[in-house]
Structure formats: structure tokens, C-alpha cells
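Q: Handing you a structure now.
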Amino acid sequence: MSIATLANVLQPALKGGYAVAGLVTLGWEDMRAYVAAAEAENLPVILQAGPSCRAHTPLPVLGKMFRHLAENASVPVVAHLDHGYTFEECKEALESGFTSLMFDGSRKPLGQNIEETARIAEMAHKAGISCEGEIGFVGYSGGENSAGTDPEEAARFARESGVDAMAISVGNVHLQQDKEGGLDEPRIRAIEALTDVPLVIHGGSGVPVAQRTALARGSRICKFNIGTELRMAFGAAMREAVNRDPDRFDRVTILKETHDPVVAAARQVIRALGPVQ
């Protein structure tokens, strides 16, 4: 299966009534596990390189890692830049082999966000890849809050930016460890009534699983970004491996024991968003 663009996987999801998991990666171990999970579920997956991942590993290296996994996978795999903040960063990701660019101009005035996102969408489309934009800043657990996405502004953003997918702020919060909250479904319905663009939820780990499934199958939300809950699974598996044999020091043998638990956790995430079996 060849590497896929974001549009390649989201358009079938929109038509088929399901969503695709955008899984936040930090290194080779979780990338491998996420692709293995997608293959086990026979569903596509989006590998995402966010700011913390890029701070650890350069974009040209990440592009090669993503593409190697994608080109040897039995399911579609998207190499996605998550939260690119500048044109130059997005251009570097494109040149590094990424097939999807997410530009985050959500903190900027609407007109500036549209203008800058449109420039990146044009660059992406000329290269045959996809672009995701964000309208309405998504807050952070224990940090900045969000006023949410205005439906009329979302409609204008979708129309004028030319994005293939649009991230919205509807009660979702980045880095959320619990699932006690929920998304603002009336706001979601108001947004999707005004645009045909596939919608994206960042901070998906804080959304109750039942609501994820219901919205994946009954709305225009075609992508949920999941990071925190999978990082927690990875951390728990690594702690258990170290504690079981505190004298071990070889990191390869320790990290090997994270694979199966992370695959299992990722399979649950992917399956909950997938089509009705």
C-alpha cells in the first residue's frame, strides 16, 4: 500500500461514516506500534509529528521514518505535520516527504489566519499533498482556555482557505488525561451545517470514547487526534519493564516491552473510530 495523503483517507471516511485516528508520535517505537495496530484493524492511520516530536528529531529524519513505515504497510498511512506554525516549517516538511501539512494559525486574526493557511494549502496542493487548518484556538489542560469556534467564521475559513480538513474548537482540550468532559454537539452541528469540509478534533484523548464513536459515525468529524492516552500506555509499559528488572540497562530490551501494550491501546483507539462492523 503506497503512502497516502490526508484527503486520500478522510474523503472515504466522510462517505463511509467513520473517522481516522491521527496518532501523535514521539519516536520510532510508537510509530511502529501505531502502524502495526492499524494493520491489525485493517484501517488507515495518520502518523503525526507535532512540535515536541520535532524538537527531538529533525523533520528530514521523521519524513524518512514515516515513509519507510507507510511504504511497507498493508493499509494507507499518512505522514502528517501537526501544528506547523510557519510557512518555512511547512515547506521543510513537504520537502522531507510529508504528505499532509497542518498549519496552525488559530491564535491569529481571522483574516491573517485565512491568508497564511491559504498560502500553505496552495503550496501543498501544487505538490499533490493535503493541508489541514485550524479555526478557533484549542486550549490546553492546565493552561490556556478557548472561546470555541464561531460557526460563521468556520464557514468563511473553509471557503477561503482551501483546506482539505478543518480543526475546530468545540470543548476539546489538548493534553487532557481524563475523559470527564465532552464536546459541544450543538456547536458541531452548527458548524457542519455551514461547510462540507471534513472536521478534525484535536485533544481527542479527553473526549469520552462513546462520544468519539457516535460522532465518528454520525457527523462530519473525520479525524480525531489522540496522543495523551497512548503516551500514558507507553509510559506505564516502560515503567513496568524497568521495575520488573531494575538491573537492566539496555534500552532496546526495555523498549521492546512497550510494543505489545501500545499496539493494544492503539487498536482500541482505531477500532472505536472505525466503521460499524
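Backbone N, Cα and C atoms are what each Cβ position is placed from, and that goes for glycine too.
Remember, it's a predicted structure, so these values are computed and weren't measured experimentally.
Straight from TrEMBL, here's the annotation block:
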type	residues	note
ACT_SITE	Asp82	active site, proton donor
BINDING	His83, His174, His202	Zn(2+) 1 binding site
BINDING	Asp104, Glu134	Zn(2+) 2 binding site
Q: Counting Cβ atoms within 10 Å of each candidate's own Cβ, which of the binding-site residues His83, His202 comes out highest?
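A: Result of the Cβ crowding comparison: His202.
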Q: Residues with Cβ closer than 8 Å to the Cβ of Glu134 (Zn(2+) 2 binding site), same chain and 6+ apart in sequence?
A: Met102, Phe103, Asp104, Gly105, Ser106, Asn113, Met166, Ala167, Ile168, His202
Q: Just name the most isolated of the recorded positions Asp82, Asp104, going by other Cβ atoms within 10 Å of its Cβ.
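A: Each of the recorded positions Asp82, Asp104 was scored by Cβ atoms within 10 Å; lowest is Asp104.
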